[in-house]
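For reference, the structure discussed in these notes is given below.
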Amino acid sequence: MAAPKPEEISFPPMDQLQGLEYCIDSNPSWGEAIALGFQHYILALGTAVMIPSFLVPLMGGTDGDKVRVVQTLLFVEGINTLLQTLFGTRLPTVIGGSYAFMVPIISIIHDTSLMSIEDNHVRFLNTMRAVQGALIVASSIQIILGYSQMWAICSRFFSPLGMVPVIALVGFGLFDRGFPVVGRCVEIGIPMLILFIAFSQYLKNFLTKQLPILERFALLISITVIWAYAHLLTASGTYKHRPELTQLNCRTDKANLISSAPWIKIPYPLQWGAPTFDAGHAFGMMAAVLVSLIESTGAYKAASRLASATPPPAHVLSRGIGWQGIGILLNGLFGTLSGSTVSVENVGLLGSTRVGSRRVIQISAGFMIFFSILGKFGALFASIPFTIFAAVYCVLFGLVASVGLSFLQFTNMNSMRNLFIVGVALFLGLSVPEYFREYTAKALHGPAHTRGGWFNDFLNTIFFSSPTVALLVAVFLDNTLDYKDSARDRGMPWWVKFRTFKGDSRNEEFYTLPFNLNRFFPPS
């Protein structure tokens, strides 16, 4: 047998991902785009419902309060998504709620001055106002870093090698939201996982009028089937005598969203009252804003590949962070009980559907705003058991993580230096947050437990985030360990042309501002 040729055993690096049907600035038909936009809206509901469902009861809020927070969060998500796709990075990314803000928000909830309030409704309102004030102050971090172009300067220390662990752990770091949640109700979680994989991968070549309908709409079809199946199990009394936790994860009537939702309600700024400001609360929240910034940076780079675009130049990335800071400011003004970050699951859906169109995401933003105003209709979709979403996360988070690993093609992985950096950053990025999670579960407080509550919140929030730990480790090692002689091994010759807007002619096609706004904000 003849020896294989080099081109038969290796594949040339590619700036843009192949095999996508629609890229960032190409659009499917209007009917298909609307259906795909609705699919992104449905997927975004998981986090939008889960965060308020966990936090509002801790604050003393009722089911009615929970519904209002969910509606407000979706409304602001829609606004922030439109702002980001129009004026920010212009990548097809949904800007949703973030789990990174959970640590400082829970710390605010357990503040002794708030816990001492006996009336639950008053305690809920006062806690909400305290969270709002902290978000408003903390949002200045991203606004300043973004619009001053300081984040663009920081990003010049990033290389393809350094970004591999960060982007990979944007997906892998969310492993606890996947199968551990599926396992809480395996009778609907496992069928959902199998059905979604079957439709999106094994049956993707099934065509209806030249449209791969099962691949393109695998999420909508499988959720509809499993949701109906879950409703059948609920109606038949399958969970009647099961433990409360099982019922909460399996039943379709335990969320109490539909009955509590108003028919029409328009969220508005300061609807919970005037925000209150506390320096300790704000400082702890700043850590969550920094974590959100780092996680979003990785997610933007993943989205650019899944939209078949070039990596966003430093100027564009910084611009997007600035607009994300505006988004967190809106979160604080409206009272969403969470800050903003890129929705990782929606980035994964770009790859699953092979549609990276910006228009589709803008349509999904329209659905968020529309259904957040029509409370009853929005609550109907929001009552989907979270286990169903967790099954989908198992695929979509993994897909985003694999995009991070794809950056290895631009580096020399026969280099012991590179193997050391990637391996250590990946391992610590998973291991350190896991230690913080286990410690908190046992001790009911984080490893950082001093008299300074703001200091505890800052450290615990930073080290709860896998991408943040990975960035700290990878970027430090990559810029200190034999860095002078390793530019080629790190992938810098490929990376350097994407650092500036004018470094690649394709950047203008993907990232130029609409309405000829580049005249007033010229790219650097």
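Indices start at 1 and increase along the chain as displayed.
Cβ atoms here come from the backbone N, Cα and C positions, even for glycine.
Taken from TrEMBL, the feature transmembrane segment applies to 38-58, 91-110, 130-148, 157-175, 181-199, 211-230, 360-382, 388-407, 419-436, 458-477.
Sequence-remote contacts of a segment are chain residues at least 6 beyond its ends whose Cβ falls under 8 Å from one of its Cβ atoms, and for the transmembrane segment (388-407) they are 17, 43, 45-46, 50, 160-161, 163-172, 174-175, 177-179, 181-182, 188-190, 192-193, 196-197, 200, 219, 222-223, 226-227, 230, 298-299, 302, 305-306, 344-345, 347-349, 351-352, 491.
Recorded stretches compared: 38-58, 130-148, 157-175, 360-382, 458-477; the one with the most Cβ pairs under 8 Å to the transmembrane segment (91-110) is 38-58.
Between the transmembrane segment (360-382) and the stretches 38-58, 130-148, 157-175, 181-199, 419-436, the greatest number of Cβ pairs separated by less than 8 Å involves 38-58. Among the stretches 38-58, 130-148, 157-175, 181-199, 419-436, the one making the largest number of Cβ pairs under 8 Å with the transmembrane segment (211-230) is 181-199. If you look at the transmembrane segment (181-199), the same-chain residues 6 or more away from its ends with a CB under 8 A from one of its CBs are 214-215, 218-219, 221-223, 225-226, 229-230, 233, 245-246, 249-250, 385-388, 390-395.
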